[in-house]
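Pulled from Swiss-Prot, these are the features on record:
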{"type": "BINDING", "residues": "Leu85, Gly117, Leu136, Gly137, Glu138, Leu139, Thr140, Trp141", "note": "S-adenosyl-L-methionine binding site"}
Amino acid sequence: MRVSVFAVGRMKSGPKRELVERYFDRFAKAGPPLGLEFAGVSEIPESRGQTAQLRKAEEAQRIHEALDNAKSGGTSSGGAALILLDERGKALGSEAFAAIVGRMRDDGKRQLIVAIGGPDGHDPALRSRADLVLALGELTWPHQIARILIAEQLYRAATILAGHPYHRS
C-alpha cells in the first residue's frame, strides 16, 4: 500500500524539516517488507479564497483528485483510504493506529492518504469521505509539528507491525 501525506502549506528548511525527513526516511526503509511504500509528501498551497468555506473547499479539491485517481486504479476495495488529521477527530494510541494502518493494507487498499488541513481545517465533504478523522491528542498543533508527529507515528506503526522493539508497550 502506497502511503502519501498531503499537507496544506510549505515546510521551510531547518531543524523541523530535517526531523520530519528523518522519520519519513525511516518509514520508507521500514515499510517495504510490510507492504507499505512511502510515496512522499505533497504540499498543497494555502488557498487565497475570501472565506474559510471557500479556502477549505479549494484545498480539499486536490485531495479529492488524488482519491479519485486511486479509485480509478480498479481495485475492488475502492483503491484508497483517507485519514484526516483534525483536532476534533478520534484520539488513538500508537498500537491502535498501527492496527488501523495494517487493516487498511490487509483489506487491499492500494493507497493511504494522510491529510493535514490548512488553518481553517478540513472541508465537510472531505470529512464525510474520510475513513478516519484522527486527533493527535486534545491539543492543537502547528502544521509543522503535526507533520513531524504523523511522520513519527507512521514509522512507529511500521515498527509495531514488524514487531521491532522501537515501540515499547
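Including glycine, each Cβ sits where the backbone N, Cα and C put it.
Swiss-Prot feature annotations superimposed on the structure.
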{"residue": "Leu85", "record": "S-adenosyl-L-methionine binding site", "Cβ within 10 Å": "23"}
{"residue": "Gly117", "record": "S-adenosyl-L-methionine binding site", "Cβ within 10 Å": "26"}
{"residue": "Leu136", "record": "S-adenosyl-L-methionine binding site", "Cβ within 10 Å": "20"}
{"residue": "Gly137", "record": "S-adenosyl-L-methionine binding site", "Cβ within 10 Å": "10"}
{"residue": "Glu138", "record": "S-adenosyl-L-methionine binding site", "Cβ within 10 Å": "8"}
{"residue": "Leu139", "record": "S-adenosyl-L-methionine binding site", "Cβ within 10 Å": "8"}
{"residue": "Thr140", "record": "S-adenosyl-L-methionine binding site", "Cβ within 10 Å": "10"}
{"residue": "Trp141", "record": "S-adenosyl-L-methionine binding site", "Cβ within 10 Å": "17"}
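In three-state terms derived from DSSP, Glu138 (S-adenosyl-L-methionine binding site) belongs to neither a helical nor a strand segment and is classed as coil. If you compare every pair of Cα atoms in Leu85, Gly117, Leu136, Gly137, Glu138, Leu139, Thr140, Trp141, the residues listed for S-adenosyl-L-methionine, the longest distance is 16 angstrom. The secondary structure of Gly117 (S-adenosyl-L-methionine binding site), as reduced to three states from DSSP, is coil rather than helix or strand.
Under the DSSP three-state reduction, Leu85 (S-adenosyl-L-methionine binding site) is assigned to strand.
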